[in-house]
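According to TrEMBL, the protein carries these features:
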COMPBIAS  1-12  compositional bias 'Basic residues'
COMPBIAS  39-58  compositional bias 'Acidic residues'
COMPBIAS  82-160  compositional bias 'Basic and acidic residues'
DOMAIN    72-149  domain 'Casein kinase substrate phosphoprotein PP28'
REGION    1-160  region 'Disordered'
């Protein structure tokens, strides 16, 4: 019994192709599925070339599509377009979410502009509060100066 990585199978031994056979493309070392896939790829290429040539012809409708013209809202439309198919002048319509988002941003900008001008209720309240705080600070500073002056006066009187 032989040892090693590859064990003998009842179908036969492993066959290795030589470099000459590989260059010539006559090696039997490739699985049959690879040959089938290559054949399919070649067919697709030839189909694409023939489609490009027959692009002027209208597409034939399958089944009843040619008889009945319907707008299916659930029909998935291709999202990616080729560069030659893109219509530059066509404006794309925004989705509902995008429209709402833009409206929300515009409303926020408008509110902030009014806020800066002091025309909104919130801005008026803020300005009133700010004026009150300024008044309180001015009164406190005035009081501190008076107390300071009074201390200075006391010091001068005690020295005499």
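Here the Cβ of each residue, glycine as well, is placed from N, Cα and C on the backbone.
Curation does not apply to TrEMBL; its annotations are automatic.
Keep in mind it's a predicted model, so treat the numbers as computed, not measured.
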For the domain 'Casein kinase substrate phosphoprotein PP28' (72-149), mean pLDDT (0 to 100): 88
Composition by DSSP (helix, strand, coil) of residues within the domain 'Casein kinase substrate phosphoprotein PP28' (72-149): 54 helix, 0 strand, 24 coil
